[in-house]
């Protein structure tokens, strides 16, 4: 009988100076076979595409059951993923996140909208617009679809 070890051989990690990826915990473990770039990992990675936010059922149900308000888009930045709506009743501007906008167009200043309101956690003292629908596009203003096509002049 031979006395061979039953553990697999130790293989050093692969290194590729051209690899743009620097995996971080939990993906990069000592002895793992990942390609890594020498030096410091990048810190300013672009955020992923915006998607619908996950809210608790109770928060979603409360917002959906609430009244519909009207307002006008004051400002919206697609690159930052948020903007503000001026309520029709003249109260304080309401925050709107890109994930809460329904429909195919990116809002621009002057677009008329309808929306419902949801408290902003953790203190729930301020509100944000949810279920935002563009009801009237601002006249004589080009609009962009979420896919990037420009419509109007």
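In case you wondered, yes, glycine gets a Cβ from its N, Cα and C as well.
Feature annotations, courtesy of Swiss-Prot:
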COMPBIAS  27-36  compositional bias 'Basic and acidic residues'
DOMAIN    68-135  domain 'CSD'
MOD_RES   19  phosphoserine
REGION    1-62  region 'Disordered'
Averaged pLDDT score, the domain 'CSD' (68-135) = 94
Message = Looking only at the domain 'CSD' (68-135), how are its residues distributed among DSSP helix, strand and coil?
response = 3 helix, 39 strand, 26 coil
